[in-house]
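A.B. asks: My questions all concern the structure below.
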Amino acid sequence: MAQEAGDMDDGQVSDSDSDMTVAPSDRPLPVPKALGGDCGLRPFQSTATACAPASHYRTVKSVDSSEESFSDSDDDSSVWKRKRQKCFNTPPKPEPFQFDQSSQKPPIAGRKKVNNIWSAVLQEQNQDAVATELGILGMEGTIDRSRQSETYNYLLAKKLKRESQEHTKELDKELEEYMHGGKKTGPKEEENGQGHPKRKRPVKDRVGDRLEMNYKGRYEITEDDSQERVADEISFRLQEPKKDLIARVVRIIGNKKAIELLMETAEVEQNGGLFIMNGSRRRTPGGVFLNLLKNTPSISEEQIKDIFYLENQKEYENKKAARKRRIQVMGKKMKQAIKNLNFQEDDDTSRETFASDTNEALASLDESQEGHGETKLDAEEAIEVDHSHDLDMF
């Protein structure tokens, strides 16, 4: 203690008062501890709590600086400015920063996208491209529905369109089978008129593309040639598929007249051809040939009837079969109507109304049963008639 007292300079006080008279420059700075240590150890505290010791230090510092001289070192002033600037210039943070790398900031609920339409469109296009690739591979892609009602699921639209087209094809196929009576008529049957379509087909389907006449032909024909040779050459030049009809023409009117009609047909075709009766289309070369045949005075009506007898007979049979089908359908409808109606004994008006239709329907059903080519009715559908006077009741 004596050595320590001897080492003291003039003006120093004793050890008991040393704690009260320590110079401000010799005091330890609490700011680094408060700012460095506390902020590092407690990252989840608010900024105001971390800066509270710094505010206390600033107050003490301002009081002490008024009493002491301005002989402090430049190092102390630089430290003071740096600490003060760091404390008061730090912008307030709404949330403390988390040092954990695995943690992510949760999205704010109710936040709307502002001025984000083009980026959304670009993102949707990229998703569409990915969905297309998945569709090619047989997988289903997910469509972005962030645009809610404006979202267009084109994958679903393509799928629905494909299903609709397949369904339409099936309906067309069923209708085609129904129109042809459950079987497809071949081209030969259509040419010979053996097909019984329920609807008149278009001209291109019935006649086909219009073929131009072959004026030169394969070889020259004369009156001395055989009828088969002349008929075959005329059919070739006219591009006529009904060769049997041309053969009958040559057989009935002769080689000379048939060759003359062929020359007249070639002249008419070179001048533009002939139209049909309604003027909707031009006649085929074979049609021009047959039209000239009918309008030639030197050819009698008996010859024309003999030439077109088979064609007229086929047309008549087709019309008769169509009429039978219509009557048969009407008869079935009448039977169903009669079964569903309950006539009263004194109701004469309703009985007279259905009497004629019922008789016609029953007659048509009897004719259809007699015909070998027509379909027969079931036993359940037949009307039971015990006596002949039962028909008069209707």
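Here the Cβ of each residue, glycine as well, is placed from N, Cα and C on the backbone.
According to Swiss-Prot:
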type     : residues : note
COMPBIAS : 1-18     : compositional bias 'Acidic residues'
COMPBIAS : 65-77    : compositional bias 'Acidic residues'
COMPBIAS : 178-193  : compositional bias 'Basic and acidic residues'
COMPBIAS : 369-394  : compositional bias 'Basic and acidic residues'
MOD_RES  : ALA2     : N-acetylalanine
MOD_RES  : SER14    : phosphoserine
MOD_RES  : SER16    : phosphoserine
MOD_RES  : SER65    : phosphoserine
MOD_RES  : SER66    : phosphoserine
MOD_RES  : SER69    : phosphoserine
MOD_RES  : SER73    : phosphoserine
MOD_RES  : SER226   : phosphoserine
MOD_RES  : THR296   : phosphothreonine
MOD_RES  : SER356   : phosphoserine
MOD_RES  : SER368   : phosphoserine
REGION   : 2-329    : region 'Necessary for interaction with CBP80'
REGION   : 228-328  : region 'Sufficient for poly U RNA-binding'
REGION   : 279-287  : region 'Necessary for poly U RNA-binding and snRNA export'
MOTIF    : 81-84    : motif 'Nuclear localization signal'
MOTIF    : 130-139  : motif 'Nuclear export signal'
MOTIF    : 198-201  : motif 'Nuclear localization signal'
A.B. asks: On a count of neighbouring CB atoms within 10 A, which of the modified residues SER226, THR296 is highest?
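C.D. replies: Counting every other Cβ within 10 Å of each candidate, the maximum falls on THR296.
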A.B. asks: How does the model score the motif 'Nuclear export signal' (130-139) in terms of mean pLDDT?
C.D. replies: 60
A.B. asks: C-alpha of SER226 (phosphoserine) to C-alpha of THR296 (phosphothreonine): distance in Å?
C.D. replies: 23
